[in-house]
Amino acid sequence: MEAVTFALIGLGTGSINVLLAVGLVLIYRGSGVINFAHGGFALLGAFIVMDLRTRHDMSWPVALGAAVLGAAAVGLLVQVLVMRPLRTASPLARVIATLGVHTVLIQGVLLEYGAEQRTVPVPVPSGPVHLGSEVVVGKQNFYLVAIVVVVAVTLSIATLRTRMGNALTASAENARAAAALGWSPNLLAALTWGLGGALAGLAGALFPATSTGFISIGQMSVLIIGGLATALLAQFRSYNLALAGGLAIGIVQALTTRYVDQTGVADAVPFLVIVVVLVMRGKGLPVRGSAADSLPRIGTGRAHPALVVPIAVAGLALLRYATPSGWYPALIVSICFAIVGLSTVVLTGYAGQLSLAQFALGGTGAYVAGRLAAAHGWPFELALLAGVVGAMLLGLLFGLPALRTRGVNLAVVTFGLGFALHQILFSNSDYTGGEFQTKLESLRFLGLDVDPIVHADNYGLLCAVWFLVLAAVVATVRRGRVGRRLLAVRTNERAAAAMGVSVFQNKLYAFVLSAGIAGVGGVLFGFSYPTVLYQQLFVPDLSITVLVVTVIGGVGYVCGPVVGALLAPGGVAVLLFDTSSAMSSSDESFVRFVPLITGIVLVLTLVLNQNGVVDQLAAPVRRLWPRRARDDEAVTASAPRTPVAPKSLEVRGVTQTFGAFTALAEVGLTIAPGQVVGVLGPNGAGKTTLIDVVTGYNRPSSGMVVLDGVDVTAWPPHRRARAGLVRSFQSLELFDDLTVRENLLASSEEQDLAAYFTGLVRAGTPRMTDTVCAAVEELELTDVLHRRPQELSYARRRLVAIARAIAARPSVLLLDEPAAGLDEHESAELGRLIRRLADDWGIGVLLIEHDVELVLDNSDRVMVLDFGRVIAEGTPAEIRRSDAVRRAYLGESLVEATP
Ligand code: ADP
Ligand code: MG
């Protein structure tokens, strides 16, 4: 019976989840953005009601109306002023923008009302209801449920029945579809942001009903977790699912509060459940046709030692000998922030994984190190090492969801994990040994007295040296083999796998390495205080802040975190403002505005350049010293064509169904070394699906793929690629932010494990192998090696894609419509090249083409597919004569041309 009581109480919290989630879904459908500022909107609603009811004695309808309209207006403004200018920016930039807006809203409310708890009268009728003899619940819970049921059902019906609803459904599928229905995408986005804001405002206004009339910023900042979790459950699509999911989460939360005797679990467990659901539903590789998004620009990781070394030495000297002692605390905060920022460069910049848990990982490092140092007397050096290892282990764990989820979903998951960590570990005195127990005394590092109070100068120096070392590591990683692998994964997971790059390995590597770096930052940050207060120092919001400021600084650049860290809370920026206010003491109130102003500056900077401040600064440099072709000398003239390992491919009775649809039915074929097998067939015949199955992108419903006598049907794509089964893509899927040369290198380089370690200290000189040189020569790419694919013509890009596939030294090469977009001459040239690949190198080629002549002229055998079935097979001459083929596929012109 008690369980029933708590379940019913959970309906109240669940209703708030639903309201928030419904708004999140609406905004997502209208503009493709997950609004991390949604909790801020709710906060605004709650405080508007509080203000109007308690300070101005307004009536309920007025207060409620003002909250809803106020939040709606803010939503609309955010769309028009921030999101609209960013609509073509990278998803990362857009997430950061909403996080920036979140900061601004929180700081605004903080300025006006302070952080303390306030009371508001409960907005709906309350008081106990007796259900039977044992169950007693507050009335307000039922009112809330009634309200959210009405909201969710109304939205569901409106989606089906109204023109705007239809347009939204259409635009969620395809931005242009809505335009075809006569709706401007901008209008749709503005309407949904306004409406979503209104719903969040309503959620905030109703929130006191679930907290017996108390509100505070701290309490309400947790709400977004429930909202996001619910929206994820609803797949950012269904309002009815949001209704059911939100209430269910509320109930689980209430029950956990009652029955689990562990601090924080109630807040965290529902989220962990969602993580599991998401990960189970996710895919190892993105599906075919996932849109390639624009990504923040990445630096080269190169620096002139003659420039960097003197600057670094001078900086260290200044820091140690010429800095007023009062500046050290702020400087230390900024440097530690910059170190954690470096971890973001590796993970988010290079590997493209959106993590909102970096500060939490740093906190783990501080936790492990702090406990070992304080409770077990470990020396600083060893404690630091242990902290870093601890952070790396947890980083490995946090990286696991990234193997199945990506993009913004991953941000939600990692934020939840970081949040859970804060609730369960940092806030629990059972684990931290009590709030004030991690006391650190007389710190020494390699014999140097680095006590942060007595010798702040030495401590600052220690932090700065660590930053420089780690910055060098990060830059080295960028220049080396591993850097190219990470960038390949970030740009295009499908293509990376096709070149033999293990997406799995590289993502985990990025998570572990970045967690280690964050660990160093976290330990140094924590140890800079005489007592490490984990709960206060490592709040989840700081993980957001560190990502936001690093992206503003430039997430693709090693210098990005330096610029970003200037804006860290309590960092150097505050120092500047503080000294100015010391000069005119009446300005004290101005200092209060600093966080708010910083927030606004952040959002503005982002709107102006999504690649960050450093990128902006680097622009004139790029113009003065454009990328030179100096690397091109590496191309050996007339490189030898050495035969590849001869392997034959056998496809046995492969059937592929998608639901009730059969894309391939009992297809079989054999390709011997040095043989070219052509596949003809109209659009939709199943040709690309055949390649997907052979290379591991689809698991066939039945049948077998055998390479060199080994059954590879269960192998993942990268493993097949390494074994010599390499494909090209109909849609090219080049690595757009690598140069052509780097594209080829990424594909030709060894996929060894050792590089993950040696790459930290030595970038190595990338060597163009004979195969790469030969491919460059054959496809005449020498003059574009230093260009990026986007700068080339479409035909040229197609050739790069083919060269990239050849660079991997395949035994069997599967080409998906390689001649599309080439002119007659180029396509004949390509035909001859394909013959040479087979004849000179011994590569077995599967050639899928629409250009019938190209296939018939250059293949040894030809197979014709129609509706997933093999309708003819034989030598080119036999195919030309086949009646079935003529009827089903070949045009009359060809028939006439055949003697
Ligand atoms: P082709 O390359 O010969 O033009 P495809 O192999 O791309 O044809 O597609 C064959 C058929 O299978 C098409 O009708 C396509 O819509 C369908 N198809 C391909 N992949 C999937 C998938 N992942 N889910 C559902 N249907 C698919
Ligand atoms: Mg195709």
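Note: Cβ is positioned from N, Cα and C throughout, glycine not excepted.
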Stretch carrying transmembrane segment according to TrEMBL (options 241-259, 792-810): 241-259
Range annotated as transmembrane segment - as stated in TrEMBL, picked from 95-115, 263-283: 95-115
The transmembrane segment (589-608) vs the transmembrane segment (508-532): 3 or more CB pairs under 8 Å: no
Selected stretch (most C-beta pairs under 8 A with the transmembrane segment (508-532)) from 33-50, 62-83, 303-321, 327-347, 459-477: 327-347
Tertiary contacts of the transmembrane segment (33-50), as residues 6+ beyond its ends and Cβ separation under 8 Å: 20, 23-24, 27, 63-64, 66-68, 70-71, 74-75, 78, 83, 94-95, 98-99, 101-102, 104-106, 109, 112-113, 118, 120, 123, 193, 196-197, 200-205, 207-208, 215, 217, 220-221, 223-224, 227-228, 231, 236, 408, 411-412, 544
Highest-contact recorded stretch vs the transmembrane segment (95-115), from 142-160, 327-347, 407-426, 459-477, 544-577, CB pairs under 8 Å: 544-577
Integer mean pLDDT for the domain 'ABC transporter' (649-892): 91
Tertiary contacts of the transmembrane segment (380-400), as residues 6+ beyond its ends and Cβ separation under 8 Å: 279, 353, 355, 357, 361-362, 364-370, 372-373, 414, 417-418, 421, 443-446, 450, 507-508, 510-516, 518-520, 522-523, 527
